[in-house]
Structures are given as C-alpha cells and as structure tokens.
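In what follows, a structure is listed as structure tokens, so that the remarks can point back to it.
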Protein chains: 2
Amino acid sequence: MEINQEELTYILNILDAEINQYKESDTSVHPYDIAEQLLKLRELSSEEYEKIIKKMPHELFAEVLSELPDYVQEETADIFSVKKLANIASLMDTDDAATLIQNISEEHEEISQDILGHFDDEDKELMKQLISYEWDEAGSYMQTELFSAKIDENIGVALERLKVLKISGEVDNIWHVHLVNERDKYLGSVGLEDLIIFDHALNFEDIPYDKHKNYSVNHKENIKDVVEKVTNYNLNAIAVLDNKNRLIGRITSDDIYDIIEETATEQIFNLAGVNDEAEQDEDMFQIGKTRAIWLGLNLLTAIAASLVIGMFDATIQSLVALAILMPIVASMGGNAGTQTLTVTVRQMALGDIEGEDAKKTIYKEVVISLVNGTFFAIVIGIIAYFWFNMPMLGVVIGLSMIINLLGAGFFGSVIPLVLQRAGVDPAIGSSVLLTTVTDIVGFFSFLGLASIILL
Amino acid sequence: MEINQEELTYILNILDAEINQYKESDTSVHPYDIAEQLLKLRELSSEEYEKIIKKMPHELFAEVLSELPDYVQEETADIFSVKKLANIASLMDTDDAATLIQNISEEHEEISQDILGHFDDEDKELMKQLISYEWDEAGSYMQTELFSAKIDENIGVALERLKVLKISGEVDNIWHVHLVNERDKYLGSVGLEDLIIFDHALNFEDIPYDKHKNYSVNHKENIKDVVEKVTNYNLNAIAVLDNKNRLIGRITSDDIYDIIEETATEQIFNLAGVNDEAEQDEDMFQIGKTRAIWLGLNLLTAIAASLVIGMFDATIQSLVALAILMPIVASMGGNAGTQTLTVTVRQMALGDIEGEDAKKTIYKEVVISLVNGTFFAIVIGIIAYFWFNMPMLGVVIGLSMIINLLGAGFFGSVIPLVLQRAGVDPAIGSSVLLTTVTDIVGFFSFLGLASIILL
C-alpha cells in the first residue's frame, strides 16, 4: 500500500511533541497517548516506527511498551539487542516485564532466556517465578512493587521510608501500607488516607487496620476468584500471598479492569465459536484457520441434522410443505436455546448461579420455554393451517414447536451446568452442542409427528 | 415451599455474629458479607429477613443496602417508613442514595418524592440533580464525596482539613486531592502518596501535579467513554466536571468494575436476543415476555426464509435431496456470520475499530470468509456428491456455500458498522438481521442454483 505522506508527517509531529513533553516532565502526556500514536505509525511505516522507538529514552519506551499489544511486544526481539531489551525490561514494573519476556518467548525462546541472563540473580529468580505462573493464576497478574511495613514499625518512620522509595522511583501507585509480622506473614492493610488521622509517633499495631480475610489472595488462586473478591469488596488493590501466607505482591485496579474486559471478551467470543487469542493475530489466515475448526464442528452437526431429515425423505416427497416449514421449528429452537444458554453462561461467570441455584435455574428456564413454546405453537399452528390449508399440519408444527422449545430451555441450561461440573469452561463448545440438540430434536419431532399424524 | 429450619438457624447465627462484629468495629466483617447472607435469608423466609433488617443499626443497613440488588432496594419502600428510608439514604454515599431513590421510584413514585421531602434544601437539590442524569451519563455514576483543595492552599493545612473530614466520616476512599482554582474550576489532581514527598509548608501550586486532560470527564459524557479513559490511563478515580469545568464529583474504581461487567453482560445478552434488565426481574413470566418479543421477530425472519423455500417447492418435490441438504448451507452461513458479527461488535465496543479501520475490518472479514467458504465448499461438495451420487449436486451446494459464507462475512461486519453510524447499539438486533440475510441468501442461492443447474 502507498504511504499517506501527509498522515505520516502529522503523526511524526505529534510523537515528536509528546516525546519532548515527556522529557520535560510535563505531566499532561501519558505513555498511553504515545503508544496510541506509535501503533498508527507502525501501520503506516514500520521503518519510521523503528527509527522512533530506537531513539526514545529507555525509561519512556519501557512505559510505552507496557501499553502496546502482545504482537508488538513480540517483535521487539527483532528490533533491539538483547542487552537493550534487558535494560528496558528492568525499567518496567515486574508484572509488565514478565509479560514482555513471555511475549518474546512465544517466538524467540532463546532471546527471552538471554534477556534473563542479563538480570542479577535475585531479579532472575523473581522473573522466572513470575513467568512460571499459569495465565489464570493470581501470581501471573501481580506486581511485586508495593509498600509493606512490619506491624511493630513506627508510622512516621515507615512514611519516611516510603518517601525515599517514591523519590527513587522504586514504587508508584501506593494507596496502602501492607502490614506483615516479623516472618513476613501478611496481617492486613491500612490506607494512606487513614494514616493521616493517626499520630505518627504510634506503631502500626496501635491503630485499627483492615484484616478482612478476603482482602488477600493466594498466588495460585484462580484470577476469576480474585476479580470476584476485588469487585465484591470494592477494593482498588489486593495483596497476594504465597503458600506460607507471606506477602509477595499485589494486584491493582488497572489489572482488574483488563481482566474483567478480557474475560468478558473471551466469553462473548467462545459463545460465538471464536477464539479470543487467535483473533489478536495479525495474520488473517491464522484467524481464519482457527475459525474454520469451529465451522468444521458445525458442519458435522449440520450433517447430523441432515441425516435426520434424510430418514423422512419419503414423507417430505409426499408433502413438500414439510420442507418449507421445517427450518422454522429448528430456527426457533436454536434461538430460544441460545437465549437460555447465554443467560446461564453469563450468570455462572458472574457467580450468580452457585450450588443449589442450579436446580432453580433449570426449573426457571423450562417454565419460560414451556410458556413461550405454547404461545408460539399456537401462532405458527394457525399460520401453517391457513398457509397450506391443512388443520393437522398446524397441529403437527405446534406440537413440535412445544417439544423443541422445551428441549431448548432444558438443554440450554443443563449443558453449561454439566460442562462446568466436568471442569470445562461452559462458554466453549456449548453453542455447538446446543444447536445440535435443537436441530435434531426440531427436525425429528416435526417430521416424525408429520409421518405419524399426516400420512 | 417448606422452610429448611436448619439452614435458617444457621444463617441467622452467622448474621447475628456479623452484625455484632460490625457493632464492635471489627474490620474483619464487610457489609458485602452481610448482604450476601441477607439475600439467602430473604429467599428462605421474608418474615425473618424483615425482622433482621428492621433491627439493624441504620448506619450498617445503609452500607449493606448499597450492596443489595435493585429489586431488594425497591421493596424497602414496603418495609420501612418514609422517615426511616430518608434517614438510611442520608447515611449512604450520594451515588448509592440516588440509586436507592431511583429504584424506589420505579414502583412508588410518591414515596421517592416523600423521601426527598425529608432532605434539607441543599441535599434535595443535589439528589434531584443526580437522579436527573440518564443512565449512560457519567453524572449518574459519580459520587459527590471527594477531597478538593484550592490551588493556593497550603498542603499541611489541607491535610489537616482532610483529617477532620475523615474523622467525621464525611469522606472515605480518598486517594487524591483534586485541585481547583478560586472559581472551583478543576485544574488537576495529586495523589496522597505524592504529598508525602513534598514539604507540607508548600502550597499545591508549588508542586508538580497531574494535569492530563483525560483525567477528568464532563458530567454528561457517555459512561463508555469514561470507562475507556479510566482503563487506558490506568486511573483508580476520575474527576467529573460540569459544563463550566467546575469539579462536581468523581467516579471510582469500584464503579468502573461494575460498569465494565454490566456493559459486557448487556452486549452478550443483546447478541443473543436477551434484555439484560428484564432478566433481573424476579418474575419469570416477565422474563419470558421480553424474550418472546425477540423470538417473535425471529419467527418473522424464519417465515421469510420459508417463503423463499416455498418459491422452489416444485424443485424440491423433484429432488428431495435438496430438502435434506439445504439446512447445511443456512447453518454454516449463520455460524460464520455470527463469528464475524461477534468479533466486530466486541471490537467496536472496546474501541478497537474506529474511523478508517471499518474498511479494513470488512476487507479482513470478506477475505476470511472467502477462504473458509472455498474450503468448506470443497468439503461439502465432495460429501454431497458421494451421499447422493450426483456430481452436479456437489457443485451446486459448493457454489452456494461460497456465496453464503461470503455474504455472512460481508454482512456480519457491515451490519454492526452501519447500525453504529445510524446511532443504534450494534449489539441489539444485529443477530436477527444477520440470520435473516444468511438464511435467505443460503436457501435462495442453493435452491436457485439447483433449479438452474440440476433441472
């Protein structure tokens, strides 16, 4: 594609201004703004993009890179030397550095190892630990930068310590002091705002602090449970503990925003037979390939439904009205089932369906689908009667509508519940399973009833 | 239903213990925990539930009620006197109080007015203002409790002021000082953590503070744009300004969590033809009624597709294999279209498709569907050939597969883009529109090609 020279100059000018603002410590520019322009530039001219990022101050590029998507982080391995990459990573927050190294390791395992080799032993161990977490474990989202104090420390002394850490740039976005005992065991937290109230001559143990058991999580805890705690208790950060309850990190509100959004995207995509990670690929043939797997599964279920129709070929031959009407029954079942399935999957994800609620959910969905099934049975029954002037055809399609909508409500709620009990994400695969059911039940009940009642 | 006496006693004991803990200022209990138990109790015995909430301290019930769902807030109008409700509302944060009064007004407009009548003039005006915001405006999510300081105020003096406000319980969850000029115009913010660094003898104007234009929003700004700013810039609170740029409130991370989750739920539900607000109703017949509207629309589109099939009744009569195979083409088109539609809608919601990206998106989707269409055309073509031993039937279904998947990719991306330009939420209605297209194109192309090529 031809480069739009005007746009290129425009973006280069913006970037130039923003980078200068940053250099002058002007707080009205944010790394996100620079990242946004860089992404546009990268689309226009990868050459200019590389030129700019190579001459950016490392501190700035470290911050900007944290805001850039995974595939852009990945390709830095082709642009920078290992030494430079190690330097950039060391300037990032630990969680962002771990993400960068993980992204690089996707395509360049050796380079990511070489980067780790440039770290001192302590940092190397820490990075290895962070990278080792599974993507759904709390530890993989935590940053180790935080501010903690021993419970018997003097408040004033601790605040002086924080001042030094802040000035050196070692910590940022500190809203709490996390309190630990002499063996680093986590005891609770106190907000900076609360410290203002108390006499700074006191020790932390002398003042009331939050010791709610749910204000901390184990590092191996599922990230979805972490999100549930943070949102239920309206926290803006949560402490992460190791198996000995020692404080090892924290997860902050900005991570929680991302996780909530990503989890929702994953669900929406999975319900539609799309893989959220594959969709982020730059290569559209890769995207297409992943989607094709799903379509292939769907083809199998569609053929299964066709086999059911094939069982009744003689029936259809003698009454072609059946071929005309049969997609209506299947379509209504598919839609009603999707309604039930979607509501069930989402409410499960939000923690609204737990334990005993499962039975209630199935009961509710069956009642709703029975009522709606009866209503639409009457409507389509009358339509079919007048359309083909056959009263019994109306009875047949009406009955099969009730059967199929009932099945849709039942299986729409049962499938995700059963998948979850079996340890499978209920959003994955449930749509295909469900439409298989509603297609087969729809065609079989309609054509079966027709061959019994009409012929 | 019979009451499970054992469970009832169990929950009553937990609640009793938790309420006592709260009374003793034990920080290990959170209003959310009490709200959770109350919801369970309410399911078991509304009588016991009312008894408990009536004897709870108002301060506690105000906090707990903020955590309870809308329908529980609504029914407080039947349980408490107007005077008590006004007292409870006055103990809540302003945003929670406004939500409570709005929930009560749903069914009891007069009671909500009477509650406002118990407020003093200033609070009444404020509440009226908060209630007047549309649900998608920033103002309807803001709380007016915050900590602000004049730019020429002394830092130490301001912190002393904050101390007084904290002790009196007037403010809570303060992480920033919001700075304003002498006419209350918002200038920027400084984190409490940053104040530790600076000499408290200085004035705010003497220290660097955040003046990023995107760290504040207008009160009428769409809440989705607010979420975008907060998440892009990793904020934990954002200032809300009136039309004269005066500081009038703030939106905090806990609101943002809720909004992201609710927005995602809305999208997931809308894509499946379900209304998220209606689903929260306790009455399942109300839920069913709202879903029926959607199913009714779907019935119309299914009938339209049947009319298309009806145009080819003679063709089907002479070759019943067509009736057997035709749902495959429609189903594959529907699935491929749903993939495209879902990805497009979600990416639009996340702000990933803007302006010029629209063309790129359509291009990408058309290419993917063309590639997948060709692949599945070959697969199903061969299957149809061997199944019915008719080579040309394979050609017909293959060609119609390509046409329908191409249409699915094109319309799956174009429909939401056009809906958004027309100012309509692209998640609402797009699924039904799309399946109408894929059904009609699928049946028409398959049966049409069959009647031309095969007969």
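Positions of Cβ are set from backbone N, Cα and C atoms, glycine also.
Pulled from TrEMBL:
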- B:209-266: domain 'CBS' (DOMAIN)
- B:292-312: transmembrane segment (TRANSMEM)
- B:318-345: transmembrane segment (TRANSMEM)
- B:366-388: transmembrane segment (TRANSMEM)
- B:394-419: transmembrane segment (TRANSMEM)
- B:431-454: transmembrane segment (TRANSMEM)
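The transmembrane segment (B:394-419) and the transmembrane segment (B:318-345) are in contact, since at least 3 Cβ pairs between them lie under 8 Å (pairs 6 or more apart in sequence). Of the ranges B:292-312, B:366-388, B:431-454, the one with the most Cβ pairs under 8 Å to the transmembrane segment (B:318-345) is B:431-454. When pLDDT values are averaged over the domain 'CBS' (B:209-266), the model yields 94. Non-local neighbours of the transmembrane segment (B:366-388) in the same chain are 321, 325, 328, 332, 336, 340, 394-399, 401-406, 408-410, 412-413; each lies 6+ residues outside the stretch with a CB under 8 Å from one of its CB atoms. Across the domain 'CBS' (B:209-266), DSSP helix (H, G, I), strand (E, B) and coil residues number 27 helix, 17 strand, 14 coil.
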